[in-house]
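Structure record follows, encoded as C-alpha cells.
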Amino acid sequence: MPSTKFQSGDTVMGRWPGSSLFYEVKVLSYDAKNQLYTVIYKDGTELELREADMKNPTGFKPSRRSRSRSPSRRRSRSRSPARTTRRSSSRTVSSTFIAETHNARKEPKLKEVLEVRLVPVVRIRQLKDHADFPCLQSLSVFPPVFAGVFCMTLLLPATVLGLMVVCSQEDASLMSSPPLPALDSLWDLQVFGMVVLWLLFQALLYVLPVGKVVEGMPLKNGERLKYRMNTLYAFVLTVAALGAAVHHKIDLGYIHSHFLQLAVSSLLCSVLLSVYLYVRSRWATQDLLAPGGNSGSVIYDFFMGSELNPRIKGFDLKYFCELRPGLIGWLVINAAMALAEMQLHHLDYPSPAMILVNCFHLLYVLDAFWHEEGVLSYMDITHDGFGFMLAFGDLMWVPFTFSLQAYYLVHHPNHLSLPWIVGIVTLNVIGFSIFRKANSQKNCFRRNPSDPTLSHLKTIPTATGKSLLVSGLWGLVRHPNYLGDLIMALAWSLPCGFTHILPYFYVIYLSILLVHREARDEAQCRRKYGSAWDDYCREVRYRIIPRVY
Ligand SMILES: NC(=O)C1=CN([C@@H]2O[C@H](COP(=O)(O)OP(=O)(O)OC[C@H]3O[C@@H](n4cnc5c(N)ncnc54)[C@H](OP(=O)(O)O)[C@@H]3O)[C@@H](O)[C@H]2O)C=CC1
Ligand SMILES: CC(C)=CCC[C@@H](C)[C@H]1CC=C2C3=C(CC[C@@]21C)[C@@]1(C)CC[C@H](O)C(C)(C)[C@@H]1CC3
C-alpha cells in the first residue's frame, strides 16, 4: 500500500454511505488511482470509502443504545438513512458530506461504535449472498441450506442428462417418461479420454504466450492478478485443429452418437476438479478465500467453492473454465449437430433453423471472446468461489444444455418460412444490440467516467466516489444487459418451433438465473451505494423489463 493516512489492517471508523453514522471497519486495501480504501465492516459488508469518510477511532465512544447491530441490520430496524438523508440526483456528494459532518458534530450521539456478536448472522447472510441459486436466497437457517445444496449437487447433473434423453426422443415432451438408458451405456473410457484430451488441449492453448496480459480487479489485499487475453486465438486454433481432423476423415458425428457419454465424462471431470479445489482450499490463507468461502460445512464449501481465484503457478483454473472448454465446446457440439442433421436427413446443407441457431450462438460466444477483458469484472470472477457449482456449470451445464436447441433440431426438423427467418433474425439483432451496448457503456464508464462518448448521459454520484448511469439504456431499466440477453435467448429458441417446450429451456433457465442475479446485485449495490442506490431505483423503476418487472 502506498503511504496513506490509513494502512491495510488498520481498524478505523468508517462512515456508512448516505448517513452520518460511523462504524468500526478494517482497512483491506487502497486503490491509489481512484483514491478509495476498501474496508470491511464487522458484519462482513465490504465497501469502498474515501479518506474523508474515515476517522481514527479515538474520540468515538461506545453507544449505550447500540447492541449487536450491523449497519445493514440497523437500516432495517431504524429509519433508513436513505429516508433521513434523502438527496436528489442533482445534489453533489460533497455537499451531502458537509451537511452530515456538521450534523454529526452537533449530535455526538450519532457517532457510534458497533458492538459485535454477529458471527452466525454474518455466515447466513454471506451464504445467502453467495451464488446464482434462488433456493439459497430463500432459506434462512443452516440445515435447509446445506440440504438444498446437497440436493442440487445431485439434481443438476440429473437434470442435464434427463433433458438430453428427452430431447433425443420423438416425443420430446417434458411430461413424457422415456426409457432410461442402461447405466453401462453411459460410460466409455475412450470418450472419457477424449474429454480429458479436450481439456488438456484447451489448457495448452491457454498458456500459449500470445495475446496481451491485463490486470484483474483489485483483490481484498489490494493485489491485482494478471490474466492473458487469448480466447480468440484459442478459438481460431481449435477450429483449425478440427478442420484438420475432418480433413483426415475423423467423423464429428461421433459427438452426436456419444452425446450422453460425453456429458457423463464431463460431469466426472467437473467432480474431480471440484474435489481438488475443495482439498486445496483447506490450505488457502484467509485473503485467498471468496466472501463467505469458509462456512465450515464440507458440502456447502464443496458446492460453492472456497477459493476465489485458485491458481496453479500462473494458471487460473476458474478463468480458464469460465471461457474456454465449455463455451468453445458448446460451439463444437453445435457444429457436430449440424453435421449429424445433414447425415440423418441426407441434406446437402444444414436446415435454415439449424443455421440460425448455430450463427446466433457463434455470435454470442465470439462476442464474449472479443470482450474478454470485460469478463474480469463479472461477479463470477470477482466475488464467487470456485467450486462444484461453477466447475459443473462451465464444464457440463454450458456445453450440454446450451446446445440443446441444435440437438433438438437433429431429431425434430422445423421448417421456417422467410418472414419467420426475418422476424427471428431481427429479434436477435435487437437483443444483441441492447446486450452489447449496455455492457460496453457500463464497462467504458467504469474505466473512464469522463469518457467524451458518454458525456451526454446523466449520472448520480455516490458516496464511494463512483457514479451510476441513469439515462440511456441504464435509465430504461436497471439491468438492460439482462434484457438484451433474454431477448436473444428467445430468438435462439424460436427456430425450434412451438411443438415442445424443451428448446425453451434455455430461456427459462436464464430468466430464473438473471432474476436471482439481479436481486443479488441489487442487494450488493444497496450496501455499496446506500441512499444513492435508492435514488437510482426511484428514478429507474423497473429492473429488467420496462413497465413489467
Ligand atoms: N448466458 C448466461 O448464462 C449468463 C449471462 N450473463 C450475462 O453476463 C453479463 C454480466 O452480468 P453480471 O456480472 O451479473 O452483472 P452486470 O454486468 O450487470 O454488473 C452489475 C454491476 O454493474 C454496476 N452497475 C449497476 N448499475 C449501474 C449503473 N446504473 N451505472 C453504472 N454501473 C452500474 C454495479 O457494479 P459497480 O458499481 O461496482 O461497478 C453492479 O454491481 C450480463 O450481460 C449478463 O446478461 C450472466 C449470467 C449468466
Ligand atoms: C445452474 C447452474 C449450474 C448455474 C451455473 C451458472 C453458470 C453456468 C453461469 C454463471 C454465469 C455465467 C456466465 C456465462 C456462462 C454461464 C455462467 C458460467 C458467460 C461466460 C456466457 C458468455 C457471455 O457473453 C458472458 C461472458 C457474459 C457470460 C458471463 C456469465
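Cβ coordinates are placed from backbone N, Cα and C, and glycine is handled just like the others.
Annotation comment: TrEMBL describes 4-62 as domain 'Tudor'.
Taken from TrEMBL, the feature region 'Disordered' applies to 52-98.
If you look up TrEMBL, you'll see 62-89 marked as compositional bias 'Basic residues'.
For 145-166 (among others), the entry in TrEMBL reads transmembrane segment.
Long-range contacts of the transmembrane segment (186-208) within the same chain: residues 161, 228, 230, 233-234, 237-238, 241, 258, 260-262, 264-266, 268-269, 315, 320, 324-325, 328-329, 395, each at least 6 residues beyond the stretch ends and with a Cβ under 8 Å from a Cβ of the stretch. If you look up TrEMBL, you'll see 186-208 (among others) marked as transmembrane segment.
TrEMBL lists 229-247 (among others) with the feature transmembrane segment.
The transmembrane segment annotation in TrEMBL covers 259-279 (among others). Under 8 Å from some Cβ of the transmembrane segment (259-279) lie the Cβ atoms of residues 157, 160-161, 164-165, 168, 181, 185-188, 191-192, 194-196, 199, 298, 301-302, 305-307, 310, 317, 321, 333, 386-388, 391-392, 394-396, 399-400, 407, all in the same chain and six or more residues away from its ends.
Under the heading transmembrane segment, TrEMBL lists 390-410 (among others).
Positions annotated as transmembrane segment by TrEMBL: 416-435 (among others).
Beyond the transmembrane segment (456-477), the same-chain residues lying 6 or more positions past its ends with a Cβ under 8 Å from any Cβ of the stretch are 15, 17-18, 34-36, 47-50, 53, 89, 92-93, 96-97, 434, 437-438, 441-442, 445-446, 449, 483, 528-530, 532-533, 535-536, 539-540, 542-546. According to TrEMBL, the transmembrane segment annotation covers 456-477 (among others).
The transmembrane segment feature in TrEMBL is assigned to 489-515 (among others).
Tertiary proximity for the transmembrane segment (489-515) is limited to same-chain residues at least six positions away from its ends with a CB under 8 Å from its CB atoms, namely 132, 134, 163, 166-167, 172-174, 352-354, 356-357, 360-361, 401-402, 404-405, 408-409, 412, 414, 416, 420, 424-425, 427-428, 431, 479, 482, 544, 549.
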